[in-house]
Amino acid sequence: MSVIKMTDLDLAGKRVFIRADLNVPVKEGKVTSDARIKATIPTLKLALEKGAKVMVTSHLGRPTEGEFKPEDSLQPVVDYLKGAGFNVRLAQDYLNGVEVNEGEIVVLENVRVNKGEKKNDPELSKKYAALCDVFVMDAFGTAHRAQASTYGVAEFAPVACAGPLLAAELEALGKALKEPQRPMLAIVGGSKVSTKLTVLDSLSKIADQLIVGGGIANTFIAAEGHNVGKSLYEADLIPEAQRLSKVTNIPVPVDVRVGTEFSETALSTEKSVADVSGEESIFDIGDKSAEQLADIIRNAKTILWNGPVGVFEFPNFRKGTEIVSNAIAEATANGAFSIAGGGDTLAAIDLFGIKDKISYISTGGGAFLEFVEGKVLPAVEILEKRANG
């Protein structure tokens, strides 16, 4: 099914309500990481170029519905946009209508302060819809939530469409999952098999090769009968790890880096996976394992990456993730299509300076994983319904 795209619409003189993801970290009234705002700026510029009367909104943090507090305000985002050269102002009371002039952007205050937002209240949804001629959903990061500003408004707005950012996410994920160039490789890291089990299941059916990292890999190591000492792993999920290993090719580390404490000053010792003692914890893969994975990565034509292979935040347990990251960048330079998503993955990409060497970096955490699992994203589903009558 297809969606209407904002890029295809005539927006001249139209009131356009953009639901963006401007949920950025703020300290002492200043934005401390601007990645999400920067990702939204091309959408705002395009709407202005098309002659629209532009309103944009987002959630920020976790406010209590019906109780506005200054720390929940989108004012720091407004200040940032002013600094970027936009004619922009904040509207706090907007549910009964707001005046928007051509050439300006009106930021509508934090949607999660509005009563009924999270429960997708129809009355609130209708109020949002009444503000606009065109609703633009451009927040992939919240597309897995059916809320008034992501789903309800799309039911009632005269026109509901996908913004450039959302459209690009869907296209990139579709390219990786629906028609991947072979061989397709999926890299899934993280602390627990239990939180990624459905992702691993779905990917085992699509990918030619699956790489697991972090605490997930420890469960697979234990499933092979090795001692994992005090490592984070899930004994009750060993049968699941064994089942998945039969379905698809999952390489288990042959060597690891261990420590006796979880800290950046802990002594890091490299050893065979068969030699881990009862007092040690596995915090990274060893050089042999990292190079084996790098070889697999370099031969892949499609790479989906979610999660590191070790505790890369600590310099003493960083090497495995660094080797894997650089191999993904190398494969991409040689023509592979790579897509990365998830907070830890993005932090690793920043740390190793490979942002421009990945084909597509997803802005969604939970939404990215749910899409990979094959779940229907409510905010996308309603756009498809509206586009197809």
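From the backbone N, Cα and C atoms, a Cβ is placed for every residue, glycine too.
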Note: Swiss-Prot has D21, L22, N23, R36, H59, L60, G61, R62, R145 binding substrate, and from R89, R112, R182 that site also includes R112
Within the same chain, the residues at least 6 apart in sequence whose Cβ is under 8 angstroms from that of G61 (substrate binding site) are N23, E71, D72, N110, R112
As a whole number of Å, the Cα atom of T345 (ATP binding site) is distant from the Cα atom of H59 (substrate binding site) by 23
Within 10 Å, the Cβ with the most other Cβ atoms among the binding-site residues N23, T345 is that of T345
Here the binding-site residues are G342, G343; the one whose Cβ sees the most other Cβ atoms within 10 Å is G342
Most isolated by CB count within 10 A, of the binding-site residues D21, E313, D344, is E313
